[in-house]
Amino acid sequence: MRGVKALFFILVLAGAVLAAGCIGSTNASEDRKPFEGQTITVCSGAGLMKPINELIGMFENETGVKVEVHYGGSSEIFGVLQTTCGCDVFIPGAWYYTEQAMKKGYILNGTVRNVTEHIPVIAVPKGNPKGIHSLEDLAKPGVRVVLGDPKAAAIGKVSKKILEKNGLWDEVKPNVVVFTPTVNQLLIYISTRQADAAIIWEDMVTWAQAKGKIEVVQIPREQNSIKTIPTAVTTCAEKDGHVEVARAFNEFVANHTEIWEKWGFRPWKG
Amino acid sequence: MERLRFRTLTIFVAFLFTFFLFMAIATLFFVPRPHEILEALKSEEMVYSLKLSLITASISTLLVILIGIPIGYALSRFDFRGKSAVKSILDLPMAFPELVLGLALLLLFGRTAFGDALSALGINVVFTKLGIVVAQFFTALPYAVRVIYTTFEGISPRYELVARSLGYSEFETFRKVTLPMAKDGLFASTIISFARSMGAFGAVLILAGGSYMNTEILPVTLYLNISYGNIGMAITSGIVLVVVSFLAILIFERLEGGEHGPVRG
């Protein structure tokens, strides 16, 4: 019995020492990192995952903030913003959604930053089996085209806009074998050679191109519809009491252009 | 006394989590306003989606049953080399996410030697309504085989042996003795296959494309409208799917678990 009591005492003492150690560590952290212990939620287009993951890692190290991130299609995360007010920072894959969010009062005034260009390109399977070299080639007989759904995917809206702008929508549409709800499907279908061409974001094909599965055909600037990827703080951050740290993250994302460039994006020079 | 506490505890857990699940499902029905639901139900997209879902699910269910019966019977009555491999592979789609199945089917039926051969015969699966049926078929098949297998396992081989000894051939025995005795189990597997086909999403999205008003079935309608931010339509799709599932499971429970379950020989 005495042995048990002694053991119990030792355990309590050990626990106390460990707890003191943790407390000391916390104090030290608070001295060094300005937002220690806070959490913010970021909603980001799924296609931006690689640079955003890296930026979050850097920001967390620098500030001690815990950043939770929700990736999805741009319209999907826009839905999250509207239905649950679940985003402190909103980074969709196209300006359109930030614009809509501003109109509906979800964006904090003065916080919108254009980060990079978002450039549509034509993606074709390795070897370019159908010899696609221009937008006009998408209308050639026998070409299997996949496009994003204009109602569901940011790339779908842009693709339709580009084709209409160049007077090609009616000619290309018969060649479209599927309008996809998600942008990722476009990549799958081109990589697996289910289709001969797609209009997709340039950054999304960087990896597949490097792996030798996809080739990229640039769209001439004057024919293209180049978007920007914006980042902004939401009014939800205000309700959550996270405005200052959300602003800090927002600026962090906008300023680290070298990370965006690393992952295939071109900095916006407005 | 100890037994009473144990009994109370287990019943309490059953009711508690049933309550949570019920509340989660019930919010689908209570959140939107009735006129929103009616509006959504009457929309062109919902009507198209519902019709397509019912048609493709009916076709895939029929195919699943026709093919599931011989598979279930073979696994129940016969021993053969590779039997455990067959069983394991047939069960696989129950164990991995539907998206994996969709990707696998895309690779098989797409631009491969096999897919190209089918195309040459005029059979196109990728991005077509046939793709919906194929995706639903392979999603539902494992569940049907399980139920059918269990049904046949529950029928004593004695009845078949008696029929055989009285002069029936193997096929006659199967058709006139085994199948009638398995009637309730087969109906139950039909119901579970239909519900599973109606709910197939990941495989259909990848293989058939999930195109608006083309290869759009109810789960795709739900997903698309969440993406649009059209919550009324999304919730209504969910409600329809819940109603279908509820009816299916109700019938399934009645046939599979009730007093009219499989005959125990």
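The backbone N, Cα and C atoms fix where each Cβ goes, and this holds for glycine too.
Caution: TrEMBL annotation is automatic and unverified by curators.
Note that the structure is predicted; figures quoted are calculated from it, not measured.
What TrEMBL annotates here:
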TRANSMEM  B:12-32  transmembrane segment
DOMAIN    B:50-252  domain 'ABC transmembrane type-1'
TRANSMEM  B:52-75  transmembrane segment
TRANSMEM  B:95-114  transmembrane segment
TRANSMEM  B:126-149  transmembrane segment
TRANSMEM  B:185-208  transmembrane segment
TRANSMEM  B:228-252  transmembrane segment
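The transmembrane segment (B:12-32) and the transmembrane segment (B:185-208) are not in contact, since fewer than 3 Cβ pairs between them lie under 8 Å (pairs 6 or more apart in sequence). Sequence-distant contacts of the transmembrane segment (B:185-208) (same chain, six or more residues past either end, CB-CB distance under 8 Å): 53-54, 56-58, 60-61, 64-65, 68-69, 97-99, 101-103, 105-106, 109, 125-129, 131-132, 134-141, 143-144, 147-148, 150-152, 154, 179, 215, 217-220, 223, 241, 244-245, 248-249, 251-252, 255-256, 261-262. Annotation: stretch B:52-75 has the most Cβ pairs under 8 Å to the transmembrane segment (B:126-149), among B:52-75, B:95-114, B:228-252.
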